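Report on the structure given below.
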Amino acid sequence: MSYEYIGITVLWFFLYGYLIVASVDFGAGFFAYYARLTKKDHIINKLISRYLSPVWEVTNVFFVFFFVGLVGFFPDTAYYLGQSLLVPGSIAIVLLAIRGSFYAFESYGSKDNSVYMFLYGATGLLIPASLATAMTISEGGFIEETASGVHLMIGKLISSPYSWSVVLLAIVSVLYISSMFLTYYAHRADDRPALEIVRKYALFWSSPTIIASLTTFIALSQHNPVHYQKAIGLWWMFGISVAFFMIGLFLVYQGKYYGWAFIAVMFQFFFAFFGYGASHLPYILQPFVTITSGATNETMGVTLIIAFIAGLFLLIPSLVMLMRMFLFDADYVKGKK
Amino acid sequence: MFFEDSVLMSRLLTFLTLGFHIIFATVGVGIPIMISMAEFIGIKKKDPHYTLLARRWTRGFTITVAVGVVTGTAIGLQLSLLWPSFMQVAGNIISLPLFLEVFAFFFEAIFLGAYLYTWDRFKNPIFHWLLSIPIVIGSTLSAFFITTVNAFMNSPQGFEIDEGKLTAVEPFAAMFNPATPSKVFHVITSSYLTSAAILATIAAVIILMKKGTTYHRKALKMTVTATFVFALATAIAGDSSAKYLAEYQPDKLAAGEWHFETEEGADLVVFGTLNENNEVKNEIRIPGALSFLAYGDFNAEVEGLYETPEDERPPLWIHYMFDLMVSIGFYLVGISMLFLIFWKVKKWNEYNKWLLTGLAVIGPLAMLAIEFGWIYAEVGRQPWIIRGFMTVAEGATTSPHVGLMFLLFLGLYTVLGIGCIVVLRKIFKNNPAELELEGRYPNVKESDKE
């Protein structure tokens with residue numbers, strides 16, 4: 001495998017990692033606010049903040065890692081995406097900034113501030129929507145290169161059914177992943193009242209998730225038939241994804257093996273996400289950047305991969321330590337530590 | 001109107017983001033080492049005052065870290081959004097340190113989460129202290145890696161350009177360019193210095209307001225000692241930076257020093273004004289000192305600004321930035337040394353009002369010096385974005401919306417800045433140290449015999 005393919009695979013793994021951990025975070029913010037509105041916050045909010053407090057910064061790094069890596073492995077994307085995404089990118093930064101800092105303000109500083117809670121909940125849905133725009137744009141047809149530079153055709157983006165279906169899919173998936181995780185976490189914490197609530201959320205958000213996946217597929221076939229054909233060629237990946245969806249949903253419905261249910265959710269999104277990514281190749285940004293045309297020079301590519309492997313030796317043990325301390329330590333989860 | 005000029009607005013927006021970010025980045029690099037030292041002293045001396053100091057610093061630190069993380073994410077993305085052509089070219093050469101910086105940040109983030117939530121979890125407190133080490137390493141390594149990127153832009157090497165294409169890329173040569181050692185040294189020491197100075201300011205202000213207890217006096221002694229040591233280290237680092245400039249970026253040094261004609265035994269010009277013929281008035285002139293600063297020899301020849309083509313010269317107002325930075329540096333060394341002398345001479349009262357007032361301003365002053373220093377370093381390499389290879393105008397975005405984005409971010413940083421201050425005040429105002437000390441360590445009064 002040449003270094004470009006290793007590079008894109010690494011990056012895709014990190015984006016996938018971000019998708020999972022950030023969804024838990026984004027969805028939790030929304031649920032926390034929703035629980036406040038429905039006066040159930042005393043039941044679930046303690047649970048949510050016990051999980052989120054030690055890890056919110058780590059979540060953020062997954063994202064930074066992805067975009068720094070993307071520019072590192074494929075500097076051409078910086079040129080095209082940078083030129084065209086100034087406005088949506090800046091809005092996403094502002095939302096992320098408000099969310100991250102206000103989370104810290106509220107959890108370490110002033111408790112129970114409704115304005116912070118609202119901003120935290122609202123940004124939890126707006127951020128996935130704005131980040132999904134970058135994904136939409138990579139399909140091609142939304143940016144043009146003229147003599148004066150590269151421009152985003154905002155009118156086309158707003159009127160496209162494909163871009164709206166991606167936004168919808170992003171939002172409902174966030175809520176689904178998050179509620180499935182919280183169900184598992186509540187179960188570990190032995191917190192029955194919380195479990196009852198978040199389990200209902202999980203069951204509720206399962207059907208919009210699968211429906212939005214299908215509509216996105218249909219919209220893609222209209223917007224980019226070539227990509228759609230390649231995706232059909234990888235039908236088995238999406239088939240496995242649906243099978244894991246059924247398993248996860250079945251287990252939660254049965255009310256047992258919540259841990260396995262969440263693992264099934266992770267596999268569901270893993271196969272869908274990698275199926276989408278693989279069928280997207282060789283383009284990174286249609287039609288301007290392909291995986292070979294946009295790649296960095298070989299020396300840098302190889303050096304980055306070596307740096308990445310060395311970094312993993314540092315990261316994986318540290319992440320395992322963090323998870324053992326806060327995710328799999330039963331006493332911590334139950335609030336005894 | 002200038003609002004429509006995307007190059008100028010890109011520069012201003014980058015200045016705004018970085019100027020705001022470095023406040024938090026600086027304390028992000030320096031405060032962990034202060035926390036770690038305080039906790040260690042607390043464990044070794046079995047003195048809960050120091051442990052409480054570490055705890056309370058940590059609590060304030062989390063708020064500044066949060067703002068540092070989000071503004072750091074902002075500048076990370078803005079690099080590509082505002083300077084797409086620059087990143088397209090430089091991405092081939094500087095992605096390694098950028099990538100490694102994220103690793104260091106990752107490492108720090110993991111251990112910061114662990115550190116914050118395990119204060120009372122270990123029977124032996126040394127295990128908790130050990131968790132602070134990776135935070136110190138991670139934050140300092142972040143500073144190291146990101147500074148090498150900036151150093152590369154000042155002193156590019158490690159590649160060749162063949163008909164507009166980059167060839168023969170050597171990532172490590174680019175990282176360890178001539179500017180790297182002095183720059184990294186200066187950035188890290190000045191971050192430690194500024195953080196120590198800010199913590200000293202807090203202690204000094206509380207003692208001045210007559211609310212001080214043993215706890216605050218211990219805090220003041222520890223932080224001022226650290227300020228003195230780090231201020232000396234920063235002075236040495238600054239000197240090595242000047243020697244680097246003289247050799248590799250003489251135009252930046254010459255513009256900063258208002259040194260126009262190449263000459264031997266060049267004078268150092270301190271403050272002053274310029275008339276329209278570039279003649280220096282009202283200055284303090286130290287004979288031969290610039291030669292000494294640049295080469296360690298009062299008679300050495302120093303290249304003047306007139307050797308640089310006119311369109312490649314940096315603006316001359318950066319002279320004031322340089323002078324302000326250096327003056328503050330000297331003040332920090334002086335005032336912290338004075339305190340140490342007063343403390344060691346038994347007859348003198350180190351808590352006299354004048355000395356405390358002098359110490360009460362060192363935190364904000366040190367932070368200003370950081371800003372001045374960075375403005376000097378960055379504006380001093382204008383018009384280049386990669387010195388000698390790409391100008392700032394060639395690197396900027398062509399998007400017409402930069403002016404609007406500037407306003408958006410101005411609003412964001414205002415909100416974050418105010419929020420940060422409000423929350424920090426709230427954390428500490430209704431929870432004075434003495435109360436917390438009694439609550440946590442009821443026996444402290446007996447053991448405390450100072």
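The count begins at 1 with the first shown residue.
Placement of Cβ uses the backbone N, Cα and C atoms for every residue, glycine included.
Straight from TrEMBL, the features:
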- A:6-34: transmembrane segment (TRANSMEM)
- A:55-74: transmembrane segment (TRANSMEM)
- A:86-105: transmembrane segment (TRANSMEM)
- A:117-137: transmembrane segment (TRANSMEM)
- A:162-186: transmembrane segment (TRANSMEM)
- A:198-220: transmembrane segment (TRANSMEM)
- A:232-253: transmembrane segment (TRANSMEM)
- A:260-279: transmembrane segment (TRANSMEM)
- A:299-327: transmembrane segment (TRANSMEM)
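Long-range contacts of the transmembrane segment (A:198-220) within the same chain: residues 31, 44, 139, 161-162, 165-166, 168-169, 172-173, 175-176, 179-180, 182-183, 186, 227-228, 231, 242, 245, 249, 252-253, 255, 272, each at least 6 residues beyond the stretch ends and with a Cβ under 8 Å from a Cβ of the stretch. Contact check: the transmembrane segment (A:117-137) against the transmembrane segment (A:232-253) gives fewer than three Cβ pairs closer than 8 Å, residues 6 or more apart, which falls short of the contact criterion. The stretch from A:6-34, A:55-74, A:260-279, A:299-327 with the most CB pairs below 8 A to the transmembrane segment (A:162-186) is A:6-34.
Same-chain residues lying 6+ beyond the ends of the transmembrane segment (A:260-279) with a Cβ under 8 Å from its Cβ atoms: 8, 12, 15-16, 19-20, 173, 176-177, 180-181, 183-184, 213, 227, 230-231, 233-234, 237-238, 240-242, 244-245, 247-249, 251-252. When each of A:55-74, A:86-105, A:232-253, A:299-327 is scored by its Cβ pairs under 8 Å to the transmembrane segment (A:6-34), the top-ranked stretch turns out to be A:55-74. The transmembrane segment (A:299-327) makes no contact with the transmembrane segment (A:86-105), as judged by fewer than three Cβ pairs under 8 Å among residues 6 or more apart in sequence.
Counting same-chain residues at least six beyond the ends of the transmembrane segment (A:232-253), those with a Cβ under 8 angstroms from any Cβ of the stretch are 180, 183, 199, 202-203, 206, 209-210, 260-262, 264-265, 267-272, 274-275, 278-279. Remote same-chain residues near the transmembrane segment (A:55-74) are listed as 4, 7-8, 10-11, 14-15, 17-18, 21-22, 25, 96, 100, 103-104, 284, 289, 291, 294-296, 300-301, 304, 319, 322, 326 (criterion: CB distance under 8 Å, separation of at least six residues from the stretch ends).
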